[in-house]
Amino acid sequence: MDERLLSQSHQQYEDSEEWSLRPQRFEQYIGQEKAKGNLSVFIQAAKLRSETLDHVLLYGPPGLGKTTLAQIIANEMGVGIKTTAGPAIERPGDLAAILSTLEPGDVLFIDEIHRLSRTIEEILYPAMEDYCLDIVYGQGEMARSVRIDLPPFTLVGATTRAGMLSAPLRDRFGVTLKLEYYETHELAAIVSRTAQLFRLSISPEASGAIAKRSRGTPRIANRLLRRVRDFAQVAGTKEIDPVLASDALDRLHVDALGLDEVDHRLLRAMVERFGGGPVGLETLAATIGEDAQTIEDVYEPYLLQQGFLQRTPRGRMITQFAKSHFGYEEEEE
């Protein structure tokens, strides 16, 4: 289980507070202006026609607000929401049980929708297109099919891996929206909003310091704020200034560009052991004692996005920007 402070994945201990931090309406939702603006138009149009909203696919890196947007869609449409995840729907009966509880207009949110089996996908197709469910019971010559009518509903699917969705499933979504990494000023606004909910006083500069180290991800920004709050509480203050915030983050080994100890170890190994690369993924994994899949799925995306690392046909290479950040250029000179 990935328990990195800078992990974009949801961590179990965050459940109790996370829901209370989530915005409930578009006007409270910071960032993702393009996706938010388009969704708002589609929702208003559906309401004007007294129709259900088309099925929506949200994709992008973890921690950017896909689950929150699904809840906001339901709130803005004035309907209920049922929430599940791809791995939880193992058998046709699991899907039938969920679909049979939907009220007219409800939102069904399926997180990690790319992890649905092909069998479940095929049952989902008529449910999405014709609002009906075909259930087969019995085997061989005794097999019988029963069609169950469903109320109109909106399926909101969320995935971090849109490419893993089958084309037939992907094509049945009328609305497809990509969520992008957040800008620093957007994350600073999120940190300030969360601090207010925590009844903390935080300066704009301190919010900015936390935002810069949050890897473009609200989930990480809120997690870092929780840890900075711990340092503030032990120091006997409810006021977070830039000095306190920066000191706390330094002690947590999160540098000014949002890199932690694992990132440092990976990038330094590439320079000090392999001259900056190219180096193969398996070789790099063995060198730093990490799983190759974990490096590829968890560590690399941010390093690639920020220009610290590049992939080539011959392997991974560190960039000049990364060398400058770690001071290797000066040493070479």
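Note: Cβ is positioned from N, Cα and C throughout, glycine not excepted.
Going through Arg215, Arg219, Arg223, Arg226 against Swiss-Prot, the one listed in the ATP site together with Leu21, Arg22, Gly63, Lys66, Thr67, Thr68, Glu129, Asp130, Tyr131, Arg172, Tyr182 turns out to be Arg219. Overall, the recorded ATP-binding residues Leu21, Arg22, Gly63, Lys66, Thr67, Thr68, Glu129, Asp130, Tyr131, Arg172, Tyr182, Arg219 cover a maximum inter-Cα distance of 37 Å. Within the same chain, residues at least 6 positions away in sequence whose Cβ sits under 8 Å from that of Tyr131 (ATP binding site) are Asp149, Leu150, Pro151, Pro152, Phe153. Residue pair Tyr182 (ATP binding site) / Arg316 (DNA binding site) shows a Cα separation of 26 Å. Secondary structure from DSSP puts Leu21 (ATP binding site) in a helix. Around the Cβ of Arg311 (DNA binding site), 14 further Cβ atoms fall within 10 Å across all displayed protein chains.
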